Amino acid sequence: MIFQRTVKEMVKTTGVGLHSGNKVTLTIKPAPVNTGIVLVRTDLTPSVAIAAKADQVRETTMCTALVNDEGVRISTIEHLFAALAGLGIDNATIEVDAPEIPIMDGSASPWVFLLQSVGIQEQSAAKKYLRIKRPVRVEDGDKWAELRPFKGFRVDFAIDFNHPEIARSQQHMVMDFSSSAFVRDISRARTFGFMRDIEYLRANNLALGGSMENAVVLDEYRVLNPDGLRYEDEFVKHKILDAFGDLYVAGHAIVGEFRAFKTGHALNNQLVRALLAEQDAWELVSFEKEEEVPVSFAVPAGAVLA
């Protein structure tokens, strides 16, 4: 049987909030089976917990943000959630003393390192997967995203940026997900932005924590970061990273194929909501025998299982 997983012990880190520019402290704690991922704002009195569910995503401008019915928000969850999804962590309590998750280096790599450093604990209950039974698709103009039946988890993703540096890179990628492939090929891809947009955002008191330390920055013609790119196709890989995090608010790892063109946080969330609303399009499954498990969901790379 494949079991649910949590972190083996508590781990804490600090970083900078992308929009506020302020120091943020974040703590990840083990959680019991069937808890899911729960975020807690510890800077409020009393503290406020928000379950990571698709219907709690109420802001998708430049990031994915959870917002409860009282308007309490936790922004920029997607890179941390990509790491949780990539390492197969089902249950965790995440405490944060600010309205946003720290941006770290703009990728999921610091979160992967943090989670692997404390290890992953197998738990006593069967892991549940969300298996796609029939296609579900959402569209917005020429942008679209869909989930289709597939034995495993495959991503077929394309972007289309009219920028000379991005146009020179590969803007389409197909990958069969595995934890090791995520860590090696996707997790280090950083968020990217254009200098003209950053200047506008800062003028409006946004992106105050953004810098070349946590993003790939481009002008009209080239990448401005002195060290260049981490992957030749870092742009499309980061969009895939974002999608991994955005899809994880479905509450379970997905068994299916995710196909998308020019999608972002908003359309990713619309897809998850559309899927969950069409209950005949999916089912929750567990795998009793090791040989039944799609190769995508083997034990995570670097996991310390007890």
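Our numbering is plain: 1 for the first residue shown, then up by one each step along the chain.
Backbone N, Cα and C define each Cβ position, glycine as well.
Bear in mind that the values here come from a model prediction, so they are computed numbers and not experimental data.
Listed in Swiss-Prot for this protein:
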ACT_SITE  H265  active site, proton donor
BINDING   H79, H238, D242  Zn(2+) binding site
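Note on H265 (active site, proton donor): other Cβ atoms within 10 Å of its Cβ, all shown chains, come to 21. A distance of 12 Å separates the Cα atom of H79 (Zn(2+) binding site) from that of H265 (active site, proton donor). For D242 (Zn(2+) binding site) paired with the residue listed as 'active site, proton donor', the C-alpha to C-alpha distance reads 7 Å.
Under the three-state DSSP scheme, H238 (Zn(2+) binding site) falls in the helix class.
A Cα-Cα distance of 12 Å separates H238 (Zn(2+) binding site) from the residue listed as 'active site, proton donor'. Packing around H238 (Zn(2+) binding site) is summarised by its Cβ count: 26 other Cβ atoms lie within 10 angstroms of its Cβ, all protein chains included. Here the binding-site residues are H79, D242, and the one ringed by the most other CB atoms within 10 angstroms is H79. Same-chain neighbours of the Zn(2+) site beyond H79, H238, D242, judged by a C-beta within 8 angstroms of the site's C-beta center, are, in sequence order, E78, A82, G106, S107, A108, A189, R190, T191, K239, I240, L241, F244, G245.
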